[in-house]
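Asker: Sending over a structure as structure tokens; questions will come in a sec.
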Amino acid sequence: MGLENGESSMKEPLLLHHAKKTRSLKVVFLTTFVAVLGSYEFGSCMGYSAPVQSAITKELHLSIAEFSVFGSILNVGAIIGAITSGRIADFMGRKGAMRISSGFSITGWIAIYFSKGALLLDIGRLPCGYGIGIFAYVVPIYVGEIAPKDVRGGLAALNQLMIVIGASTTFVVGTALEWRISSNWYDNIEENQRLLGLNFICESPRWLAKVGYEKEFYTALKRLHGDDEDAVSHEANEIQDYLETLEHQSNATMLDLFQTRYMHSIIIGVGLMMFQQFGGINGVAFYANQIFTSAGFSSSKIAIIAFASIQIPITAVSAFLVDNCGRKPLLLASSTGAFLGCFIAAISFLMKEHNLLQQWVPLLVLSGLLIFVGSFAIGMGAVPWVLLSEIFPINVKGAAGSLVNLEPWFGAWAVSYTFNFLMDWSPSGEGSKSSRGKVGRSKSFEGKEFVQLLLFLSTKLCQKLKEEPWKKYKLPSILQVHNFYHFQIKLFN
């Protein structure tokens, strides 16, 4: 009897602790959900142009160049947002930065809704880009600062998942609604929900401690951890220790990054981001409707919906695999699958030019792009961002993060601006037959040289990655990759 009472008395504190932890996690999950609505907006902006391209160009009589500017100017705004996001987040706080971002996004969507020509379209698209440039910086930081260690990885992956959900939802909404109505949808529903939600979540405790708001700092911790005083005390001590460590670290400048001791990390970070963007994902995402139309689809709606649907489950799976399979295997598998998908799509357009198996071309193009997008989502989409948080020393994270975070936006702009021109000049485009043959021949040589260059650079990057023991899985030897590279050169020659 006494033993039973002793066991019950021991269980009660454990049950009480579990209940407190469950309540605190609910607050953390709710707070994270409100924050990652910004990531949803990110995806909505990135995916908006794909399903509405035909409708906008037809109604407003836009040329290829004008619509390419409309699609790509989003990245110009994002570059400006990325440059200023750090200072805004440090001065206004994480919530303040998200409010400013929402304000710019609302202004941009209103301008797009009332557009009568290319100028106002671009004016509206630019502040939308500025808003997502801030969101791309502040949302992952905010989630990382409020989440407990045991759920931080999963909640960080939710950021990427919400970007994909936003883009996929935009593809579906854009095919179902008129383009002005869909822009009004994003303005009235998404943005207002986020602005309303920001009033009910707390500021980042780390930012409050950094700027000296001690009372608000403990209040925010109590809101996140509830009545669990041990968790509040532990988190407060951890944050104070972190801030003291930062004070003793020397702040590195951009020039310091080019010292020999940092070059290894910089090469990996810059290289991964270069391959991520110049793989062409933003060209496919921005102009999927035009690709499917060029492939011969009488109606591209079904293709776009299929294209959108595959991204969500694949990204959800990758969030699980990144911590269980390792970074390097996912990157290698993702790159191989993306190459295969592009190769199938390219062969399909070549078949169309030479009038071979015309009835199969649309299905092959759709299959190639689904393989490409699915492969990209499972590795190259999210893993580089995970690695960036792991490879840089703490004293250069700020400067290195600014450098590496700017690169994707420049790459996204270059790809999204030139993609329509390349599609128009391609062998299956609308140019004259003589010009198509000339351009097709020149592009085939350029493509051969470009693939050879990418294979060579990827070989070097794999060599760098092999030196980093992040995971226990063994990377294929550099000799194997080197032999594969020479095999590809012989194949092309």
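Cβ coordinates come from backbone N, Cα and C, glycine included.
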Asker: For the record in TrEMBL, which of the ranges 96-114, 191-209 is the transmembrane segment one?
Answerer: 96-114
Asker: Cβ pairs under 8 Å only, please: of the recorded stretches 155-177, 262-288, 300-322, which one is richest in them relative to the transmembrane segment (62-84)?
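Answerer: Looking at each of 155-177, 262-288, 300-322 in turn, the most contacts to the transmembrane segment (62-84) are made by 262-288.
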Asker: Taking residues 6+ outside the transmembrane segment (120-143), which of them lie with a CB under 8 Å of any CB in it?
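Answerer: 32, 35-36, 38-39, 41-42, 45-46, 56, 60, 62, 69-70, 73-86, 88-89, 94-95, 97-98, 100-105, 107-114, 152, 155-156, 158-159, 204, 385, 405, 409.
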